[in-house]
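Listed in TrEMBL:
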{"type": "TRANSMEM", "residues": "6-22", "note": "transmembrane segment"}
{"type": "TRANSMEM", "residues": "34-53", "note": "transmembrane segment"}
{"type": "TRANSMEM", "residues": "59-83", "note": "transmembrane segment"}
{"type": "TRANSMEM", "residues": "103-128", "note": "transmembrane segment"}
{"type": "TRANSMEM", "residues": "160-182", "note": "transmembrane segment"}
{"type": "TRANSMEM", "residues": "194-218", "note": "transmembrane segment"}
{"type": "TRANSMEM", "residues": "230-250", "note": "transmembrane segment"}
{"type": "TRANSMEM", "residues": "282-305", "note": "transmembrane segment"}
Amino acid sequence: MLDVIVKVLSFVVIIFVGVGAARSSAFGDSAGRLVSRIVFNLTLPAAIVRAFQTTELEPALLGLIVLGFLANALPFFFSLIVYRKKPREERVIQQANVSGLNIGCFALSFVQAFFPVSGVVATCLFDAGNSLMSTGGTWALMRAVVLDADDTSTHERMGVFARTLFSSVPFDCYLVLIALGLGEVRLPPQFITLIDPIASANSFLSLFMIGLMIRFSLDGRKAVELVRLLGWRFAFATVLSLATVFVLPLDAGVRQVVAVLAWAPAASTGPLYTLWAGGDEGLAGMANALTVLVGIVVMTSLVLVMGV
């Protein structure tokens with residue numbers, strides 16, 4: 001238990017190292033954008049490949065991919081409806097950050113520490129569905145229905161969506177890896193060894209990137225928007241957690257795993273998409289950091305309450 005808490009607290013330390021680096025101006029004003037590109041196009045794809053190649057696709061658990069996708073898609077479209085008449089800046093911050101879970105770089109540590117190997121497999125499959133949105137689907141939808149919605153036709157928006165989605169390196173990785181997994185095709189172990197150093201850098205760079213983007217100055221309007229965003233996220237997490245435990249026809253151990261995953265922190269791509277869309281990445285970074293703190297408390301509490 002202590003080892004897990006120390007490991008999770010190390011994530012918080014990395015975020016604050018990023019905050020300190022940003023405040024010192026040691027890396028310049030464009031550091032957040034540069035690191036975000038490295039994460040999205042290099043370290044995250046490598047981490048995805050490494051994680052997937054150590055996971056066996058069990059047919060009985062493939063529904064977790066769909067569940068992980070819905071856990072992202074439903075909050076996104078719900079928020080899209082609720083905020084459809086709001087100013088563009090509010091829509092950007094909500095659409096980019098209301099969904100998406102940081103499982104691979106965060107929640108997986110909890111699962112590995114408290115659950116058997118079957119729980120780790122369930123986590124990776126749930127994360128596959130989660131990542132179909134967070135590593136490309138969310139940004140593609142934002143570009144199609146939020147950023148370019150006012151001056152383009154439906155046909156043009158569909159084109160924007162498709163181009164953005166399939167130009168996402170992490171998204172393409174997941175599609176290829178799922179197809180290979182279903183066909184029981186494995187990549188050579190030498191290739192995994194080759195990319196292992198790059199994949200290992202993803203956890204640090206993702207959290208460091210969040211720290212670079214955090215801004216601690218909040219006026220009244222931003223504070224209200226922050227509370228709204230976190231309120232929506234925590235409400236959806238509560239619904240998913242309760243529905244998993246009491247409604248979904250899954251094995252008891254798998255239900256416990258998903259209930260914990262529902263409270264994983266926000267995906268590190270949220271502030272990145274906010275930055276790309278010209279939104280308030282500082283506010284997005286702060287929201288992301290707060291979900292880390294809440295995630296530590298709630299996920300640990302769930303593990304203790306469920307007696308795992």
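Our numbering is plain: 1 for the first residue shown, then up by one each step along the chain.
Even glycines carry a Cβ here, placed using N, Cα and C.
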Same-chain Cβ contacts of the transmembrane segment (282-305) under 8 Å, 6 or more residues past its ends?
4-5, 8-9, 11-12, 15, 93, 96-97, 102, 106-107, 110, 114, 210-218, 222, 225-226, 229-230, 233-234, 237, 241, 259-260, 263-266, 268, 270-271, 274-275
Leading contact stretch, 6-22, 34-53, 59-83, 103-128, 230-250 vs the transmembrane segment (160-182) - CB distance under 8 Å:
34-53
Can you find at least 3 Cβ pairs under 8 Å between the transmembrane segment (59-83) and the transmembrane segment (34-53), where each pair is 6 or more residues apart in sequence?
no
State, in range form, which of 6-22, 103-128, 194-218, 230-250 has the highest count of Cβ pairs under 8 Å to the transmembrane segment (34-53).
194-218
